[in-house]
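All remarks here apply to the structure that follows.
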Amino acid sequence: MNNELKVKEKNNKLFFIETWGCQMNEEDSEKLSGMLKKIGYERTEVKQDSDLIIFNTCCVRENAELKVYGNLGALKKLKDKKPDLIIAICGCMMQQEGMAKEIVKRFPFVDIIFGTHNAYKFPEYLNRVKQEQNSIIEIQNKEDGIVEGLPIDRKSDVKAFVTIMYGCNNFCTYCIVPFVRGRERSRKPEDIENEIKDLISKGYKEITLLGQNVNSYGKDLEPKVSFANLLRRINEIEGLERIKFMTPHPKDFTQDVLDAIAECENVCEQVHLPVQSGSSRILKKMNRHYTKEQYLDLVRRIRETIPDVAITTDIIVGFPGETEEDFEETLSLAREVQYDSAFTFIYSRRKGTPADEMEEQIAEDVKHERFNRLVEIINASSAKNNKKYEGRIEEILVEDFSKNDDTKLTGRTRTGKLVNFPGSKDSIGKLVKVKIVKANSFSLIGEEI
Ligand code: SAH
Ligand code: SF4
Ligand code: F3S
C-alpha cells in the first residue's frame with residue numbers, strides 16, 4: 001500500500017505558483033493551489049522542476065506589472081527546453097482592457113490566460129489546453145455570484161485569511177482595484193462562520209477578515225448584516241483566539257464598529273486605517289469622502305475606545321496636484337497620529353482611472369524626495385511605539401521558526417508586532433507569554449516566560 005502510494009506521488013505533476021499583490025491574490029492562489037491538489041498536482045518551489053507555472057498578477061502600481069513582465073520574459077528559455085510545460089497567467093492585471101492580447105503578442109508561449117472572476121474554472125482550462133492549439137484566453141468582465149466551497153490549500157497552519165466580501169464600490173480616483181475586481185459582493189454570514197469553524201477544527205487560532213472596505217460588509221445582503229454584527233457573531237465562535245480585519249475605509253467607520261471591537265474580547269487591538277493623504281484638498285481629489293480633521297477625530301476616538309491600540313496606514317505621495325503645502329499636511333498628520341507602521345507608496349499612473357487624466361502630474365524626483373521625508377517620520381514613530389513594549393509581557397501567537405535563525409521562534413502580538421524569541425518546535429501554533437527584552441525598529445526580541 002505504502003509503495004503504491006509512493007509511486008503515485010512520484011507520478012504526480014508538479015506546479016509552481018508565484019503571487020504578487022495583496023491578500024486577495026494570496027487567497028486566490030491558495031484556492032488555485034487547493035483545486036490543483038484535488039486533481040492530483042503537487043506543489044513545488046522550484047520553477048525548473050514544474051510541469052505547470054502560474055503567475056497570479058497585480059496591477060495596483062506600475063512596478064507590480066513590470067515585475068510580471070520581467071518574470072514572464074525569463075520563462076521563454078525554460079519553455080524552449082520543456083515544450084510540455086504549461087504556463088498560465090491570471091489575476092488583476094489580466095482584467096485590464098487589452099492586456100490579454102498584449103500578453104499573447106509579447107509572450108506567445110503563454111498557454112492559459114484568465115481573470116479574477118473565473119479563477120474557479122481553472123481546472124477546466126487545464127483540461128482544454130491539452131487539446132487546443134492556441135492559447136486559451138478566458139477573461140470575464142462581469143463577476144459571477146460568489147462560488148462557495150472551493151478547496152483551499154493555505155500557506156499557514158496557524159493563521160488564515162477569510163474573505164468576507166469581494167470587489168469595491170469606492171472608485172478612489174487613483175485606484176484600479178474596482179475596475180479589476182468588480183463591485184462589492186458580501187458572503188453570507190453563515191458561510192463565513194462555517195469556514196471559520198472548519199479552520200478552528202484544524203487548529204487555526206487567528207483569522208483575518210478580508211475585504212477592500214470591510215465597513216460596508218453586508219449592505220448587499222438580504223437581510224442586511226452590518227460589519228459590527230458580523231464581528232460580534234464571529235466573536236461567539238468557540239475556540240477562536242484572535243480576530244483581525246482589513247481594510248476598513250475611514251469614511252464608513254461607525255461608532256458601532258468601534259464599540260464592537262472594544263466589546264469583543266477576541267477582536268485584536270490593531271486597526272489598519274489607510275489615510276492616503278493628510279491634505280483635505282487632495283483627499284477630495286482622491287474621492288475619499290473625509291477630511292484631515294475627520295480622520296484625526298476618528299483616530300482620537302479609536303485610541304479612546306481601544307487602549308493600547310496599534311494604528312497602521314497606507315499613504316500615497318505625489319498624487320496629481322500635490323503641492324509642498326499639501327505634502328506638509330501629510331507630514332503633520334503622520335507626526336500627530338504616530339503610526340505603528342505604514343505602507344508608503346509613490347503615486348503610480350493607472351490607465352482608465354480619473355487621476356491618470358488629471359493635469360499637474362508630479363515630477364518623479366519630487367515624488368521620491370517627498371517619499372523619503374515621509375518614510376523618516378514613519379520610521380521614527382514605529383521605533384518609538386516599539387520601544388514602549390520593552391519590559392512588557394505579551395501574548396504571542398507562534399507562527400514558525402524565524403527565517404534567519406532556526407533556534408528562534410517568530411510570532412506576533414495581538415497588535416501585530418513581530419516578535420522573535422528562543423524556543424522549541426512545540427510552541428508553534430500556540431499562544432505563549434513572552435517578555436519583551438529589546439525593541440528594534442521593525443521587530444521585538446523576547447524571552448518566553
Ligand atoms: N482597499 C484598500 C487597499 C487597496 S490597494 C484600501 O482602500 O485601503 C492598497 C493600497 O495601494 C492603497 O491603500 C493605496 O495606498 C495604494 N494604491 C492604490 N492605487 C495606487 C496608485 N495608483 N499609486 C500608488 N499607490 C496606490
Ligand atoms: Fe481602491 Fe479606494 Fe477601493 Fe481601496 S477603497 S480598493 S483604494 S478604490
Ligand atoms: Fe490586490 Fe493588486 Fe488586485 S493590490 S486587488 S492584487 S490589483
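Backbone N, Cα and C atoms are what each Cβ position is placed from, and that goes for glycine too.
Over in TrEMBL, the protein carries these features:
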- 13-131: domain 'MTTase N-terminal' (DOMAIN)
- C22, C58, C92: [4Fe-4S] cluster 1 binding site (BINDING)
- 154-384: domain 'Radical SAM core' (DOMAIN)
- C168, C172, C175: [4Fe-4S] cluster 2 binding site (BINDING)
- 387-449: domain 'TRAM' (DOMAIN)
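Proximity of the binding-site residues (C58, C92, C168) to ligand 2: a Cβ under 6 Å from the molecule is found for C168. Ligand 3 lies under 6 Å from the Cβ of none of the binding-site residues C168, C172, C175.
Residues near C168 ([4Fe-4S] cluster 2 binding site) in space but far in sequence (CB under 8 A, at least 6 apart, same chain), listed by position: C175, V177, P178, R181, R183, E184, Q212, N213. Summary: among the binding-site residues (C22, C175), the fewest other C-beta atoms within 10 A of the C-beta are counted at C22.
When the binding-site residues C58, C92, C175 are checked against ligand 1, C175 have a Cβ within less than 6 Å of one of its atoms. Taking the Cα atom of each, C92 ([4Fe-4S] cluster 1 binding site) and C172 ([4Fe-4S] cluster 2 binding site) are about 17 angstrom apart. Excluding the listed site residues C168, C172, C175, the same chain places N170, F171, Y174, I176, V177, P178, Q212 with Cβ atoms within 8 Å of the centre of the [4Fe-4S] cluster 2 site Cβ atoms. Over the domain 'MTTase N-terminal' (13-131) the predicted model carries a mean pLDDT of 94. Here the binding-site residues are C58, C92, C172, and the one with the most other Cβ atoms within 10 Å of its Cβ is C92.
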